[in-house]
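Look at Swiss-Prot and you will find S23 tagged as active site, proton acceptor. According to Swiss-Prot, the feature Mg(2+) binding site maps to S23, G51, T274. Annotated ATP binding site per Swiss-Prot: S23, T24, G25, K26, G27, G51, H52, T53, Q190, N305, Q308, in sequence order. Feature annotation from Swiss-Prot assigns dGMP binding site to S23, N49, S131, T132, R146, T205; the stated evidence is sequence analysis. Taken from Swiss-Prot, the feature L-aspartate binding site applies to T274, V275, R280, supported by sequence analysis.
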Amino acid sequence: MLSIPPYYRVKNCNLIVDCQYGSTGKGLLAGYLGALEAPQVLCMAPSPNAGHTLVEEDGTARVHKMLPLGITSPSLERIYLGPGSVIDMDRLLEEYLALPRQVELWVHQNAAVVLQEHRDEEAAGGLAPGSTRSGAGSAFIAKIRRRPGTLLFGEAVRDHPLHGVVRVVDTRTAQDMLFRTRSIQAEGCQGYSLSVHHGAYPYCTARDVTTAQLIADCGLPYDVARIARVVGSMRTYPIRVANRPEAGEWSGPCYPDSVECQFADLGLEQEYTTVTKLPRRIFTFSAIQAHEAIAQNGVDEVFLNFAQYPPSLGALEDILDAIEARAEVTYVGFGPKVTDVYHTPTRAELEGLYARYRR
C-alpha cells in the first residue's frame, strides 16, 4: 500500500550536496537554483561549524550558518530546519532578521541546541584537528547521550527571543506541510569527504555528509525524497581546512590521484575558511574522489565551480571529462555571483567563458 496521502502535491525536490571537502560553492548553487526554480520551501539541517556564502549581484556577501541560501526564490513561503539540526539560537535570530524578506520559519522540536556549556567544553581542547570549536559537536553528543535535563530546541526556545518568531513543529506537522508543498529545495552542509563514515578518519567532521544523511537530518519523508534530483557541487581544485601547526594539528590527507599545491603557484589569491578564517589548503582535482562521491550520493547532475582556476582550457576539459564519465555537468561557475553561473554551456561557449574569466 502506498503511503502517499491524497493531498500530496510535491512536483520537484532538489537536494544540494557537496562532493569534496566543503567550500565548493553550495551557497552559490543554492542561490542560483532558488532564483531559477522558485522553490516554495527551503529545508536544511544546519550546524554552526559550517557556513555557506552567497555573493549578491551588488557584490554583498551573505554568509549563513543557520539558514539556507535559496532565499533568492521569488516563490519562497517557508524555511524548515529539520530534526538533525544543531541550532545556535542567537545566530539563527540574527540571520532571520537580516533576510531581505521575512518568511515563515519552522524548526523541528527535536533539533539540538548549542549552549554556553557546549562552547566551554570545546574551548577546553582535546578535539579533532580542524575543529571550529563552535560547540556543535558537544551539543550533538549531548542529544545522543539522552541524559535527563538535556534541552532540545522545543524547550530551549521558550526562554529565547526566537520564541514567537519561530514555529516549533513535530514530525507529523512537518510531514503534512512538506506533502502539501509543490517545490522543495534542501541544502546540505560541509562535504562528502569530511564524512565521519566515508572521510579520512579522524580528519573528518562529527557526522555523516551524504545525501542519505541530508534526507534524514532534514526529516524529508521517503515519498518526497524518492522523487528528488541530487545536484552535486564540486570545484576544479578542492580545498581542505587549514593546518594549525602551532597546535600540532594536520587537517588530513588527499586522494591518491591528487597532490597538494599552493594558491600562489596557481596565480590565485589565498582563500580562507568561512567559519575559522584560517588559510585553506588546496589540491589538484581527484577523479577518484569525484566518482566515489557521485556513486555514494546518487548524484544526478554536477555543478563545477571555479572553472577559471585551471591553467589552460585543456586542463578544464580534462576535469569535465573525468566527471562526465559518471554524471553530467549541468552547471558551471566562473565567479562568486549568481550571474557567474552558466547552465549547460557547450564546449565552444566554455572556451569563450574561460578566456573572459581567466584574465
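Every residue gets a Cβ built from N, Cα and C, even glycine.
Values in this document were obtained by computation on a predicted structure and should not be read as measured data.
Structural mapping of features recorded in Swiss-Prot.
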residue: S23; record: active site, proton acceptor; DSSP (3 states): coil
residue: N49; record: dGMP binding site; DSSP (3 states): coil
residue: R146; record: dGMP binding site; DSSP (3 states): coil
residue: Q190; record: ATP binding site; DSSP (3 states): coil
residue: T205; record: dGMP binding site; DSSP (3 states): coil
residue: Q308; record: ATP binding site; DSSP (3 states): coil
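Proximity to G51 (Mg(2+) binding site), judged by a C-alpha distance within 10 Å, picks out S23 from the recorded positions S23, R146, T205, Q308.
The recorded positions close to N49 (dGMP binding site), defined as a CA atom within 10 A of its CA, are Q190 out of S23, G25, G27, Q190, R280, Q308. Listed in sequence order, the recorded positions near Q190 (ATP binding site) (C-alpha within 10 Å of its C-alpha) are S23, T205, out of S23, R146, T205. Within 10 Å of S23 (active site, proton acceptor), counting CA to CA, the binding-site residues H52, R146, T205, Q308 contribute H52. Between the two most distant C-alpha atoms of the annotated ATP binders (S23, T24, G25, K26, G27, G51, H52, T53, Q190, N305, Q308) there are 23 Å. Within 10 Å of R280 (L-aspartate binding site), counting CA to CA, the binding-site residues G25, G27, H52 contribute nothing.
When each of the binding-site residues H52, R146, R280 is scored by how many other Cβ atoms sit within 10 Å of its Cβ, R146 comes out lowest. Long-range Cβ proximity for G25 (ATP binding site), meaning a same-chain Cβ under 8 A and a gap of 6 or more residues, is found for S233, R235, F303, N305, F306, G333. When Cβ neighbours within 10 Å are tallied across all protein chains shown, the highest count among the binding-site residues G27, G51 belongs to G27. The recorded positions under consideration are S23, N49, Q190, T205, Q308. Their Cβ neighbour counts within 10 Å are lowest for Q308. Each residue contributes its Cα atom, and for G27 (ATP binding site) and T205 (dGMP binding site) these two points are 19 Å apart. Separating the Cα atoms of T205 (dGMP binding site) and H52 (ATP binding site) is a whole-number distance of 16 Å.
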